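See structure below.
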Amino acid sequence: MWHFLFFRSSLSLEMSMILSASVIRVRDGLPLSASTDYEQGTGMQECRKYFKMLSRKLAQLPDRCTLKTGHYNINFISSMGVSYMMLCTENYPNVLAFSFLDELQKEFITTYNMMKTNTAVRPYCFIEFDNFIQRTKQRYNNPRSLSTKINLSDMQMEIKLRPPYQISMGELGSANGVTSAFSVDYKGAGKISSAHQRLEPATLSGIVAFILSLLCAALNLIRGFHAIESLLQSDGEDFNYIVAFFLGTAACLYQCYLFVYYTSWRNVKSFLTFGLICLCNMYLYELRNLWQLFFHVTVGAFVTLQIWLRQAQGKAPDYDV
């Protein structure tokens, strides 16, 4: 039955096509790869502005969205901190559009280590991925070659059960760069806000940092109790040392919290917490040797880095890629 429907729509598909695609990092909108064959029409130039505006809002949007812009549609999906965005004509079928994006997503995740995408600082540093984008785009712009090479029934059912969120121009903001604040309601996902955003999956280095931070907290706590015992037994112990040990414990535990949960100003809080760890260890200089001080400060810096690398994702974690 699907082949019959596909054949019936093939005539209209000949007049519809995918025009371009981009791979973008969700947390900051950094373009990682993109098609290099943009057309230079007025409508296309306007759509490129919408691409940039959407890139800045990816962390606030659901994992599957569509924006209708006159004679064109912009569709995108997000997963593991990376978004896959494409521009097509308005009559291009949704099931093909999101199947195309799904192929880009699977290939990109298979080809590139997520640590590299998280630490990339240069735009289009994975531009070689454009070769795969071009090949896939050519296949999806040729309906006769697609009918025997892909199975669209699963994607068709997925879109029917969980249709893409339709972004309105009011939510996106004006094309001159003045955007409006908005929150998104999405079926099955609830309201997406900074307080309820999910973080990217923890990496091995992140897990190691989390464990080391707990170890530092435990060491500070034990030394703090020993300092209390010394204070009770004699008057020679400085009470400020006890405060420094317990502040160090609290700082390490708060770093663990920031690594696990998303909060507003999360990166700023992590740097301030690291500063507190450094101050505590400076005050405890007389009670610790250089190796102990180096260990506590290094672990604090390592955890701060992992907090910065583990950013919010715009995708529900139960989506089967």
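Each residue, glycine too, has its Cβ placed from N, Cα and C.
Feature annotations, courtesy of TrEMBL:
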- 1-21: signal peptide (SIGNAL)
- 22-133: domain 'Longin' (DOMAIN)
- 202-222: transmembrane segment (TRANSMEM)
- 242-261: transmembrane segment (TRANSMEM)
- 268-285: transmembrane segment (TRANSMEM)
- 291-309: transmembrane segment (TRANSMEM)
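Long-range contacts of the transmembrane segment (291-309) within its own chain (CB-CB distance under 8 A, at least 6 residues past either end) are made by residues 115, 118-119, 203, 205-206, 209-210, 212-213, 215-216, 219-220, 248, 251-252, 255-256, 258-259, 266-267, 270-271, 273-274, 277-278, 281, 284-285. Each residue of the domain 'Longin' (22-133) gets a DSSP state, and the totals for helix, strand and coil are 48 helix, 30 strand, 34 coil.
Counting residues 6+ beyond its ends, the transmembrane segment (242-261) has Cβ neighbours under 8 Å at 199, 202, 206, 209-210, 213-214, 216-217, 220-221, 223-224, 227-228, 231, 269-270, 273-274, 276-277, 280-281, 283-284, 296, 299-300, 303-304, 306-307, 310 in the same chain.
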